[in-house]
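Working notes, beginning with the structure itself.
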Amino acid sequence: MELNFLTIIDLAGTFSFALSGAFAAMEKRLDPFGVIILAFAPAIGGGSVRDVLIGDLPVAWLSNNITIGVIIFAAIAAMLFASRLKKFEPLLQVFDALGLGLFTMVGIEKGIMHGYPPGICISLGVLTGCFGGVLRDVVLNNVPYLFHKEIYASASIIGGLGFFAFQSAGMQTTLLNIVCILLIFFVRMLAVRYHWSLPAFYKHPNNL
Amino acid sequence: MELNFLTIIDLAGTFSFALSGAFAAMEKRLDPFGVIILAFAPAIGGGSVRDVLIGDLPVAWLSNNITIGVIIFAAIAAMLFASRLKKFEPLLQVFDALGLGLFTMVGIEKGIMHGYPPGICISLGVLTGCFGGVLRDVVLNNVPYLFHKEIYASASIIGGLGFFAFQSAGMQTTLLNIVCILLIFFVRMLAVRYHWSLPAFYKHPNNL
Amino acid sequence: MELNFLTIIDLAGTFSFALSGAFAAMEKRLDPFGVIILAFAPAIGGGSVRDVLIGDLPVAWLSNNITIGVIIFAAIAAMLFASRLKKFEPLLQVFDALGLGLFTMVGIEKGIMHGYPPGICISLGVLTGCFGGVLRDVVLNNVPYLFHKEIYASASIIGGLGFFAFQSAGMQTTLLNIVCILLIFFVRMLAVRYHWSLPAFYKHPNNL
C-alpha cells in the first residue's frame, strides 16, 4: 500500500516531467518524434541517474511498460492540445514544478528504503528532482531553470528538510508525502510568480 | 556466429562514430589529444549509457582492448588523412549516419538478448544510436544533429519498427540486421541531401 | 595504509574540485544553494562515472558522509572568503588543476586495483580527472577547460604515461603517486601561465 502510493507519485511525476519535456521541444519546433524523445529526457533522467548511482539496476523504467506508455501518452496529448494553447512556456513551468515536487519525494523515499542517512536522502531527492530538468534544458541548449534567478533547487532542498522535520514531529507517512510535494510545488510556483530569489550572501567583486 | 556478426557490427559502429568524433574535434581545431578524447565520446557514449541502464557492468569497452584500439586508430587515421580533405563536415555526416544505423541495430539486439519487449528494444536502439552523437555535440557546444530540422532520431525509430516488421514476416536474422542498418543509413543520408523533415503536426502559436 | 593514502588523495581532490565548482558558480552569481550544488558536480562527477562504468556500485560518495561533508564545507568556505578575493577565476584554475592531478591518480589506482591493463587504467584516470570539470562547465554553459587552447587532458595523459614509466623503473608507490600528481598539476599550471598548447599536427583546410 505504501509502495503503491509511491508508485502513483512516481507515475504522476513521470507524466508531469514528460509534459514539460514535450512543451520545451514544441517551443523549439522539433518534429513529433523529437517531441516524444524530449519527453523521455526529464521523465526518466533524474530517476535513472539515482538508480544507477545506488546500483539499483536495471533502472525502473526498463522493467515495466507503464512508464514508457505514460511518457508517449503525455507527448501525444501535448501535441494534440497544442492548438488550444497560446503559449507553451507557462505550462512548461507548472508541470516542471509539479515534477520537481513529486520526484524529490520519490528520491527521498528511495533513499530511506535503502537505509541512507537524512543528508544522503535529501541529496538523492534533489538529484531525482533536478537532474531530469537540467538534462532537458542542456540537450535543448537552454539555460537550465536550475540557474535562473528564481529559487529552484532550493525549493527541493526546503521540501527535503521539511520532510525530516515533519517526520520527527510524528506526521503520518502518506500525509507527509503530500505536504512535502505541495510545499515544493508552491515554493517554486510562488518564486516564478513573484521572482523570489535568494540573496548571494557572499560579496561579489565589482570587476566582474 | 550470431554473436560474432553482432561484434563486427559493434566494431564498425565504433569506428564510424570515432571518425565522426575526430572530424568534429578537428573542425573545432582541438589538439591531437583532444581529437583522440573526442573520438571516444560518440564511440562509447551510447553503448555505455545502454549497458549502465540495463546493469550490464562493467561496460563492454572496459573488458577488451580492441575497442580502445579501434578508437585510437580511427582518430589517428582521421588526422593523417586530414590534409587530403577539403572539408570535414560532409565526412562527419556520412560516418555519423553509418554509426547511427550500426549502433541502433546493436542496441535492439542487446534488448532482445535481455528478453525485453519490442517497445523497450526500440528505445534501447534509439538510445544506443543517438546518445553518443548528442554527447559529442553537447560537449563541443554544437547544436546536436538530433535537433536539426532533417530527420535523425526518426530514422533510428523507422529502422527499429522495420526490424520488428521484417522479423515477423520471417526474414533471416543476419539479412534482417543488414537491411535495417542500410535502411537507417539511407533514410538519414537522403534526409541530409534533400533536407527532409517531418512536419510538426501540432499548430504552433504565432507569437513565438 | 596504501588504501589510506589513496583515500586522502581522493578527499583532497574532492575538496579541490568542490572549490573549483563553487568559484565557477559564484562567477555566475548563483545563490548559496546553487553554489553548493555546483560544488558537487566536479567533486563527484568524474568518480561517479568511473565507478558506474566499472560497476563498482553504489558509488563511493553514497557510502560515507565524509565526502558530502567535505563538499559542503568547501562551498561554504568559498562563499565566506569571497569578500577577500578580487577575482574567482585564477583560484578556479588552481584548484581545477590540483583536482585534475589528484583525481587522475585515483582513477589510475582504481584501474590497477581492478586488474585492468595500463591503457585502460590511463583512460580511467583521464575520465576521473576530466569528466567532473566538463560536467561543471557544460551545466554552467561555459566552454569546458578541456577545449581551451592550453593543454588540459594532455596533462592528465602525460601524468598517466609518467606513472607507468616511473613504476617500471621501480619507484616506490607513495612517492610515485606524489610525483605524478605534481607532474600533472605543474604541466597544467605552466600551460595556463605561458599559454602552452600542442600543435594540431594535421593540416587544417583553409576554407574553414
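Each residue's number is its place along the chain shown, starting with 1.
Glycine too: its Cβ is placed from the backbone N, Cα and C atoms.
Noted in TrEMBL for the protein shown:
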TRANSMEM  C:6-26  transmembrane segment
DOMAIN    C:8-82  domain 'Glycine transporter'
TRANSMEM  C:33-53  transmembrane segment
TRANSMEM  C:59-82  transmembrane segment
DOMAIN    C:94-167  domain 'Glycine transporter'
TRANSMEM  C:119-139  transmembrane segment
TRANSMEM  C:151-169  transmembrane segment
TRANSMEM  C:175-196  transmembrane segment
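Assigned with DSSP, the residues of the domain 'Glycine transporter' (C:8-82) fall into helix, strand and coil as follows: 62 helix, 0 strand, 13 coil. Here the transmembrane segment (C:59-82) has long-range neighbours at 10-11, 14-15, 18-19, 21-23, 26, 32, 35-36, 39-40, 43-44, 47-48, 51-52, 88, meaning same-chain residues at least 6 beyond its ends whose C-beta is under 8 angstroms from one of its own. For the transmembrane segment (C:175-196), the partner stretch with the highest count of Cβ pairs under 8 angstroms, out of C:6-26, C:33-53, C:151-169, is C:151-169. For the domain 'Glycine transporter' (C:8-82), the model gives a mean pLDDT of 89.
Helix, strand and coil counts from DSSP across the domain 'Glycine transporter' (C:94-167) read 60 helix, 0 strand, 14 coil. Listed by sequence, the residues of this chain that lie at least six past the ends of the transmembrane segment (C:33-53) yet keep a Cβ under 8 A from its Cβ atoms are 10, 14-15, 17-22, 24-26, 59-61, 67, 70-72, 74-76, 78-79, 96, 99, 103, 106-107, 110, 124, 127-136, 139-140.
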